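Database features, via Swiss-Prot:
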ACT_SITE  HIS49  active site
ACT_SITE  HIS95  active site, proton acceptor
BINDING   TYR52, LYS91, ASP491, GLY528  ATP binding site
BINDING   GLU93, ASN529  Mg(2+) 1 binding site
BINDING   SER94, HIS95, ASN96, HIS97, ARG116, GLN240, GLU312, SER313, GLN314, SER531  substrate binding site
BINDING   ASP117, ASP268  Mg(2+) 2 binding site
Amino acid sequence: MTEENSSITAETVASHGLSPEEYDTIKQALGRTPNLVELGIFSAMWSEHCSYKSSRKHLRELPTTGSQVICGPGENAGVVDIGDGQAAIFKMESHNHPSYIEPYQGAATGVGGILRDVFTMGARPVANLNALRFGSPKHPKTPHLVSGVVAGIGGYGNCVGVPTVGGEVNFHPAYDGNNLVNAMTVGVAETNKIFYSAASGAGNPIVYVGSKTGRDGIHGATMASADFGKDAEEKRPTVQVGDPFSEKLLIEACLELMASDAIVAIQDMGAAGLTSSAVEMASKGEVGIELDMDMVPCREEGMTPYEMMLSESQERMLMVLKPGREAEAEAIFKKWELDFAIIGRVTDSKHMVLTWKGDIVCDIPLAPLADNAPCYDRPWVATPKAKALGAVPASGSITDNLVTLVGSPDLASRRWIWEQYDNMVGADTVQCPGGDAAVVRVHGTEKALAMSVDVTPRYCRADPEEGGKQAVAECYRNITAVGALPLASTDCLNFGNPERPEIMGQIVGAIKGIGEACRALDMPIVSGNVSLYNETRQDDGSSLAILPTPTIGGVGLLQDWRDSTTIAFKNTGEEIYLVGNSGQGHLGQSIWLREIAGREEGTAPSVDLAQEKATGDFIRAMIQDGMLCAVHDISDGGLAVALAEMALAGNIGATVEAHDKAIAEHAYYFGEDQGRYLVSSTNAVALVSAAEKAGIPVFRLGVTGGDAVVLNSQSVSLEKLRKSHEAFLPELMQ
């Protein structure tokens, strides 16, 4: 066997992100010293991004099965039964590191990559969502990152013809050196037309389709598995470049071929490119794979096998076809003006063999690359319990506080962002951004899918386990609030350096909380992603890690899209009720505490999962019975902010003259106690009666009407609230 470069030094190994111990393991697995091609392949497959070597042990604790689950983690995306022979297919992934280095392309290719994960399974993508985290609004780089990321998401999603229907955006100094871009795609497929990635059939042709391979994105997976230093800007060549028009052609070509029975297995080329797609297909099928690198379509001259295998050029797929179907498949891809090349064959060797110019340049047993990749039980320490907050004095009037909060970075309107996204393409969007969850009709039916992405990082910092539970619970509430039954979830776990025991403790705690909530709320994790090393080395040698950010994406089902509810008050005279516990006025880790009192401390609010489930079941039943006019979950900013958002959405004021006298007024209105909904109804007697029968607490708060929000006789006009609410992002982006 020839070696593309036999001079493997300690520096070469380190530059590939491998430890000396890992390099020794590679030599033992091969029984020899690897050449550069093989080293690069091991580097990519053993990167944190591909192998999950620090989190895999703990991810096994998550619930992944259920009566509704057709396919859980391990494939390109999760698959959930939605009835009538149809399935929802969805996943969320991160593109954090690339989006900090080159925000437009990083975010755009994040969207492209998650789209491919979904349509690879045979689904037509119907919706995109995103969860974004940026640094302090005062940081000089923040406007640049916001502008680039939003433009990248919109530019790619709009061109490819998939609506961007929801998401969330937060700002915090902990993200100054590492912004987060988590992208989620939801698709719909027929349950008898779902495609998987396990290769089979020795001798079957392996086909490369899509765009040509270039040098963009080489070592992208390795770069995404390390923290940043001062050289972050120099890593631009590791960021992929996307072409949404090619992606659109690829979607249509793949779905057209999928209508036949020509495909044995299919895998998109995502992180680690051709390396990961080839290894995953062969290892899942327990077969071997042989590739002729001379046949790989390249857009740049003189590309080597090392570059071809590690390139992360976008809009590419790998397929195993049934023998004799090559011409049929080629005709389809040529019609769509895409590359099509037979680059290899399935073997029974359980090795990955690469040839180039007549020589073997790689021969690796597949087991060490995939199933036997490193899995670490890293040392961890539990996050210390936060100190209880105690009483916090009021500061200013309730209404002045409300005006400040609705205009604050984490609660201000996101209109500037979502107006750059096409959220109606496809003509099936029922609820656009701005509510609790997006709602998209299942084309040609009365059914609809509801979807939301959620996490509260400040809670996770204070208590990772409780924060993990709350992320799932809030996603559950948001989906419930539009009338849908939550079915399943996907996660995107964003943390700092797992080699630091305190960070590993955050990971362990969050996963434990997520698992507990998913089991209690019957929202199994069916797909997901882990993004670690989200921290930046400071001038003094210390590291700034992001807040622990375990994002949860959920999907729910409405049997009839016309039954969905919104947050907007509909008419004057609707009675306003709080459904769920009255709350304890929990101000620890709240937006009020940060924005009004200037403090970030205290315990995270606790989540009662049994009560969460019972209250959610009640809310859905009331929506189904037509008892509720508007529904909104109470989360960031507490009851008063939820009330203001409902009033602004419907352009109808509200008067509330009730609060628990045992709780300070500001704590009552701005406390972030969990498991609660704000609703309006024109059938209050029946609502209260049903709640009593179900054992669900309800509290009458007031009535809709007028052009102001009135809290205990303190009034603020909708005009003043709206002016504050709409100002933040346009002013930031001037």
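Every residue gets a Cβ built from N, Cα and C, even glycine.
Spanning the residues SER94, HIS95, ASN96, HIS97, ARG116, GLN240, GLU312, SER313, GLN314, SER531 that the record associates with binding substrate, the maximal Cα-Cα distance equals 20 Å. Across the structure, the residue listed as 'active site, proton acceptor' and GLU312 (substrate binding site) are spaced 13 Å apart at their Cα atoms.
The most crowded of the recorded positions listed here (HIS49, HIS95, ARG116) is HIS95, judged by how many other CB atoms sit within 10 Å of its own CB. Classification of ASP117 (Mg(2+) 2 binding site) by DSSP places it within a helix. According to DSSP, GLU93 (Mg(2+) 1 binding site) sits within a strand segment. A straight line from the CA of SER94 (substrate binding site) to the CA of ASN529 (Mg(2+) 1 binding site) spans 7 Å. Rounded to the nearest whole angstrom, the C-alpha distance between ASN529 (Mg(2+) 1 binding site) and ASP491 (ATP binding site) is 6. Straight-line distance linking the Cα atoms of LYS91 (ATP binding site) and ARG116 (substrate binding site), rounded to a whole number, equals 10 Å. A 10 Å cutoff on Cβ-Cβ distances gives GLU312 (substrate binding site) a total of 32 other Cβ atoms nearby, all chains included.
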